[in-house]
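Working notes, beginning with the structure itself.
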Amino acid sequence: MAQVFKVAVLPGDGIGPEVMAEALRVLDAVEAKYDVKFERTHANVGGAGIDIEGKALPETTVNICKAADAILFGSVGGPKWESLPPDEQPERGALLPLRKIFGLYANLRPAIIFPSLTGASSLKEEVIAGGFNVLVIRELTGGIYFAQPKGIEGEGRDRVGFDTMRYSVPEIERITHVAFQAARKRGKKVCSIDKANVLSSSVLWREVVTGIAKEYPDVELSHMYVDNAAMQLVRWPKQFDVILCENMFGDILSDEAAMLTGSLGMLPSASLAEGTFGMYEPSGGSAPDIAGQGIANPIAQILSMGMMLKFSFGMVDAADAIDNAVATVLDQGFRTRDIYQQKDGEKLVNTKEMGDAIIAAL
């Protein structure tokens, strides 16, 4: 009897529904190829949640997610909702509460450049020849984004804005284990990012990470200040395997690493809780400027679905098959507009045609 997994499908706004449709078609192909069944329940989130149910994260959506084994998330946001109070806007009103409700503390963002796409990168060919594969692991529920106190006080020109950067030993320990366990399955290197020369929270971070590293003698640990890391990512990204960051540093460096690949439309992400539950989403935004035109790149959404198979459902072979199918399609020259360079052998395709090609390769 086929194993059954429950998936909460949250397409969201902008290009979200279009790229989600292709990911679900690839999921159909996985069902046909492997002895497994995916029960999918769609729910509103972000701007769609605001328009249809009055808030970015409706209670119905939360309940659907609670009943699921994983969340497959599209993208949220757009100009239509930018005039709302910040806490009610799609991004802050949906993503931050989802992370808190489900304890999604570990964000995994691969920054991969395929050898056939090195020309799309902003870096020189000699720096990235042969491609690179970096995994940024970001602590997602602590640090300056969440710690108290924070706020704005006073009147007029006497107003003061303040935030608190705070980390506990258990918070640092659990994200460090995620990084070292990931490195064991990759290049066996962890570079921990901090600002221990000026921040007390970073002093503790470095101390705890160094202690945990002793449990993983087969993995090489290095430390790097965040300003140097930002420079080194551009100078020589191949030096990195797994990059371990606290929340704000990871937010910044993961975007930088992503852009080195040439397109955010290529990059998946996973946000994991303790256990097997996770939320999987593309690294890019809702791209409202191209929504509805059928030209969005669905690869990030499809690879995010592949990460769901690997991390929440233990289907490593299926996840690898999806990764290989994407690489095959790129080697065959299929390109959506964002990665099209008008080179010989390239074939410009739309969203659905890219999905068709990946399904055929799978």
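Backbone N, Cα and C atoms are what each Cβ position is placed from, and that goes for glycine too.
Residues annotated as NAD(+) binding site in Swiss-Prot, with sequence analysis given as evidence: 78-91, 285-297. Here the Cβ of PRO86 (NAD(+) binding site) has 9 other Cβ atoms within 10 Å, regardless of which shown protein chain they belong to. Taken residue by residue with DSSP, PRO86 (NAD(+) binding site) is part of a helix.
Feature annotation from Swiss-Prot assigns substrate binding site to ARG99, ARG109, ARG138, ASP227; the stated evidence is sequence analysis. Within the same chain, residues at least six positions away from ARG138 (substrate binding site) with a Cβ under 8 Å of its Cβ are ALA106, ASN107, ARG109, CYS245, GLU246, ASN247, PHE249, GLY250, ASP251, SER254.
Per Swiss-Prot, Mg(2+) binding site is recorded for ASP227, ASP251, ASP255, and the stated evidence type is sequence analysis. All chains included, 18 other C-beta atoms sit within 10 angstroms of the C-beta of ASP251 (Mg(2+) binding site).
The local packing around TYR145 (site 'Important for catalysis'), expressed as other Cβ atoms within 10 Å of its Cβ over all shown chains, amounts to 16. DSSP assigns TYR145 (site 'Important for catalysis') to a helical segment in the three-state reduction. Taken from Swiss-Prot, the feature site 'Important for catalysis' covers TYR145 (among others), and the record attributes it to sequence analysis.
Feature annotation from Swiss-Prot assigns site 'Important for catalysis' to LYS195 (among others). In the three-state DSSP reading, LYS195 (site 'Important for catalysis') counts as coil. Residue density at LYS195 (site 'Important for catalysis'): 19 other Cβ atoms are found within 10 A of its Cβ, drawing on all protein chains shown.
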Not counting ASP227, ASP251, ASP255, residues with a CB within 8 A of the CB centroid of the Mg(2+) site are VAL226, ALA230, MET248, PHE249, GLY250, ILE252, LEU253, SER254, GLU256
Sparsest Cβ environment (other Cβ within 10 Å) among binding-site residues ARG99, ARG109 belongs to ARG99
In three-state DSSP terms, ASP227 (substrate binding site) is classed as helix
With neighbours defined as other CB atoms within 10 A, the best-packed of the binding-site residues GLY78, PRO90 is PRO90
GLY78 (NAD(+) binding site) -> DSSP, reduced to three states, gives coil
